[in-house]
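Visitor: Please find one structure pasted underneath; my questions will follow.
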Amino acid sequence: MRKTLIVAAVASLLPWASAKTYSRIKRVRAGKTYGEHEAVHVVVNKVGPFNNPTETYRYYSLPFCQSHSTEQEETEVAAFENLNLDVGVRGEKREAAIRHRHRFGESMVGDRRESSPYEVTFGDSVDWRLLCKTSLDTKQLEGFKKAIVNNYFFEMFVEDLPMWGYIGDVAEEDIIMNEVEGNGKVYLFPHLHFYLGYNNDKIVSAKVTTDMDRRVDITDTSRATEVQFSYSVEWFEDELEWKDRMTKYAESRFLPASFEIHWLSIINSFVLVLLLTAFLTIILLRVLKNDFSRYMELDDEAMDEEESGWKLIHGDVFRFPEFPTVFCAAVGTGTQLLVVTFCHLGLALTGIISTNRRGSILAGVVVLYSLLSFVGGYSAVKLYRQMNGKLWVRCILLTATLFPAPVAAVFMWVNSVALAHGSTSALPFTAILTVTALYGFICFPLTIVGGIMAKNYASPDFNAPTRTTKVAREIPTEIPWYRGRYFQVLIAGFLPFSAIYIELHYIFASMWGHQIYTLFGILLLAFILLVIVTSFITVALLYFQLAREDHRWWWASYINGGMTGLFIYVYSFYYYSHRSGMSGMLQGSFYFGYMAVVSFAFFLMLGSAAFQFSLIFVKYIYSRVKCD
């Protein structure tokens with residue numbers, strides 16, 4: 001049973017898990033080739049407030065047409081007869097359209113795709129076609145009116161190409177507390193016009209628009225209103241290649257116009273980062289060179305008379321930190337997250353993980369974190385053994401739960417809120433079962449395997465260049481404010497954050513908006529520079545800390561490196577209130593809950609990277625001077 005679950009989970013998530021799955025993904029990436037008059041499936045997905053991208057509901061939670069009217073059925077039969085297609089074939093194709101299988105990533109991002117009654121055939125334009133004629137009662141009209149007043153949009157797909165549009169509009173709007181006051185009119189858009197572009201028998205572009213001339217006034221909901229839903233289709237030849245089909249979404253008018261190409265801003269940030277890194281490197285090397293020269297010239301008696309300096313604490317600098325189990329677990333988890341991030345961005349750049357498919361990025365993170373869990377277990381236990389730790393089993397357990405436990409806590413809260421609101425953002429039971437199986441049968445066991453490998457095969461020698469004294473040296477308490485702990489923490493978080501501030505805005509617009517992020521090469525470069533800058537600044541601050549004879553650098557270097565994560569979370573409050581129109585308990589719970597998880601992940605990653613660089617730096621400088 002356990003083996004079956006593992007194989008099923010991996011095969012359903014990884015495109016490379018089996019030859020059959022790989023072949024299917026390859027065909028999808030190459031694009032489906034359509035024949036003349038072949039049925040094209042229009043898939044409806046969800047509706048929700050435009051400003052709250054996480055607050056989404058099933059498309060048919062509003063009373064849209066789910067089936068054809070009798071008049072429409074007769075029209076379709078005649079149309080298919082004119083196209084020399086058998087009505088039975090049409091029925092088979094429609095039945096195939098009804099069966100839609102959700103991928104794991106789609107379920108995680110709240111997609112609930114369903115079939116639609118739209119009948120579209122490849123290459124056949126339609127001037128106008130009736131979808132259904134229905135009488136909307138008071139309750140249904142209220143539902144539409146509330147959705148329109150709250151700026152609801154809908155989402156559809158054709159060949160995995162998303163299409164967006166608004167359900168209706170408010171004219172002469174004067175909205176107070178989600179109610180239309182004065183002479184405001186609420187209009188429903190019952191007619192949709194599909195623009196479908198093709199290139200070499202493949203659909204490469206899709207867009208839907210609404211018809212203002214066919215809008216229906218539903219301001220008065222006290223009496224039933226008859227509405228005629230219809231659609232039209234326009235096919236055109238597009239020069240766009242299949243592999244570039246997602247590039248048009250950056251130019252879509254439905255999306256905010258602020259998502260322009262930002263190469264100049266990115267280059268500006270990179271230049272500043274490189275200059276800052278070079279400046280810190282030159283300063284630090286010159287200072288260390290002077291220190292080495294001075295300490296080499298002093299004999300032991302003169303050294304004893306030296307009033308201050310980092311060499312004076314050579315007997316305490318390698319004194320292991322408090323709470324070593326927690327510290328090693330944090331370092332191991334951060335190292336694992338670093339490896340996951342680099343692997344994920346690398347796979348996205350090479351195209352192994354499709355960045356165009358909905359939810360593939362999130363699903364890739366879940367799978368890679370599970371498969372690379374042995375990295376966290378190995379790193380944590382190796383460091384713990386070098387610190388002469390005995391409770392290595394406890395270290396493994398803490399490593400396995402340090403990050404997943406907060407994620408599970410946040411998930412239980414936001415999923416409960418989504419269920420209470422009836423939102424599609426609530427993860428379905430099958431997806432929850434898949435994630436649980438991944439953690440229980442892959443993530444947790446691999447963490448244990450990594451820990452056991454470190455215990456049995458990794459060297460337990462710390463190889464400190466100096467001996468640690470039995471009694472700790474007293475730490476000076478009178479220091480200037482600019483060399484104090486709080487000022488260091490502020491500098492350690494602010495400088496790296498300022499290096500990624502511009503790119504962070506676009507990442508937020510993609511995560512918490514309707515943007516499609518495609519610049520993964522730039523993102524990888526920005527992340528590498530972030531790690532480098534964070535590490536260099538942490539090392540520079542560490543030097544000043546050792547120079548004032550404070551040997552408690554272990555936790556300090558880790559926290560200094562991770563402070564950028566806190567700045568990211570603080571920025572999320574600014575983005576929520578000043579850069580987005582998000583509101584409501586559901587959207588707020590998802591936003592602040594998952595941003596806390598992301599910020600915590602950055603804290604662990606950057607803290608671990610900063611500590612690793614700091615450890616190399618401390619070992620290097622103390623190995624260059626003569627110490628008893």
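Easy rule for this one: first residue shown is 1, then count along the chain.
Placed from the backbone N, Cα and C atoms, the Cβ positions cover glycine too.
Here TrEMBL flags 1-19 as signal peptide. Residues or ranges marked as transmembrane segment by TrEMBL: 263-288, 326-353, 359-379, 391-414, 426-449, 486-508, 520-543, 555-574, 594-622.
Mind mapping these onto the model and telling me what they sit next to?
Guide: Long-range contacts of the transmembrane segment (326-353) within its own chain (CB-CB distance under 8 A, at least 6 residues past either end) are made by residues 15-16, 29, 360-361, 364-365, 368-369, 372-373, 375-381, 383-384, 387, 389, 395, 398-399, 402-403, 520-521, 523-524, 527, 531, 554-555, 558, 562, 601, 604-609, 611-612.
Non-local neighbours of the transmembrane segment (359-379) in the same chain are 10, 13-14, 103-109, 111, 331-333, 335-337, 339-340, 343-344, 347-348, 353, 396, 399-400, 435, 438-439, 442-444, 446-454, 458; each lies 6+ residues outside the stretch with a CB under 8 Å from one of its CB atoms.
Residues 288, 291, 310-311, 314, 317-318, 330-335, 337-338, 341, 402-403, 406-407, 410, 414, 463-466, 496, 530-531, 534-536, 538-539, 542-543, 546, 553-554, 557-566, 568-569, 572 of the same chain lie 6 or more positions beyond the ends of the transmembrane segment (594-622) yet place their CB under 8 Å from a CB of it.
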Visitor: Going along the chain, which residues at least six beyond the ends of the transmembrane segment (520-543) come within the CB cut-off of under 8 Å?
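Guide: Answer is 266, 269-270, 273-274, 276-277, 280-281, 283-284, 287-288, 310, 338, 341-342, 345-346, 348-349, 355, 488, 491-492, 495-496, 499-500, 503, 507, 553, 556-557, 560-561, 564, 605-606, 609-610, 612-614, 617-618.
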Visitor: Restricting to the same chain and to residues at least six past its boundaries, which positions have a Cβ under 8 Å from a Cβ of the transmembrane segment (555-574)?
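Guide: Hits for the transmembrane segment (555-574): 321-322, 327, 330-331, 334, 485, 488-490, 492-494, 496-497, 500-501, 504, 508, 530, 534-535, 537-538, 541-542, 545, 591-592, 595-596, 598-611, 614.
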